[in-house]
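*Asks:* What TrEMBL shows for this protein is this:
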type    : residues                    : note
BINDING : Asn85, His90, Glu95         : oxalate binding site
BINDING : His88, His90, Glu95, His137 : Mn(2+) binding site
DOMAIN  : 42-191                      : domain 'Cupin type-1'
SIGNAL  : 1-22                        : signal peptide
Amino acid sequence: MRVSQSLVPFAIIALVLSFVNAYDPSPLQDFCVAIDDLKGGLNMPGNTNNQVGSNVTTVNVDQIPGLNTMGISLVRIDYAPHGQNPPHTHPRGSEILVLVEGTLYVGFVSSNQDNNRLFAKVLHPGDVFVFPIGMIHFQVNVGKIPAVAFAGLSSQNAGVITIANTVFGSNPPIYPELLARAFQLDASVVKELQAKFGSI
């Protein structure tokens, strides 16, 4: 039996599709045993005596190997009065934050294609806010007492890129003239920021 040349592309497509449907789409395992010696925990407040007045305590696959392939992690964020979790992004996960104590002003900025719109809200205990994957977002304690929030992330290791540290603290430093033009600043201001964030 001879196959028509016009049917060969369809046969190849059918073969490829059969392989595509033959894989296991989920990386999840049946189980993964965690370790017993987790240091600390989320019941202890973090030290907020730093430049930004906040502390993020992370529980991800680095602390609990049992989270491997589970696609989840958790953080506790402590904020001093007027402390902030400065603008940052998580390249590998969305975040859902619940405020437990205090008052926070939180928000994220949409993409350039959406005209960089700010979505923000003041949160009170029990309020929830979602930060979509990859969006630059922030939290700041607008109250007079410390604040505490917990956040779940949709990745075993969502990663974090703090915008100011990344742009002004890169190693080696980004050319000051490039940043001066991008941020519409004098190059001397950029060099001052780079010195503050440690890249020069």
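Glycine is no exception: its Cβ is also placed from the backbone N, Cα and C atoms.
Those TrEMBL annotations? Automatic predictions, nothing curated.
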*Asks:* What is the average pLDDT across the domain 'Cupin type-1' (42-191)?
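*Replies:* Residues in the domain 'Cupin type-1' (42-191) carry a mean pLDDT of 95 in this prediction.
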*Asks:* Show which residues of the chain containing Asn85 (oxalate binding site), separated from it by at least 6 in sequence, have their CB under 8 Å from its CB.
*Replies:* Val52, Ser54, Val56, Ile77, Tyr79, Phe138, Gln139, Val140
*Asks:* Mind checking how the domain 'Cupin type-1' (42-191) divides into helix, strand and coil residues in DSSP?
*Replies:* 25 helix, 57 strand, 68 coil
*Asks:* For a quick check of packing: other C-beta atoms within 10 Å of the C-beta of Glu95 (oxalate binding site), how many?
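*Replies:* Taking every protein chain into account, the count is 22.
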*Asks:* Quick check on the binding-site residues: of His88, His90, His137, whose CB has the lowest count of neighbouring CB atoms inside 10 Å?
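*Replies:* Output over binding-site residues His88, His90, His137: least Cβ neighbours within 10 Å is His88.
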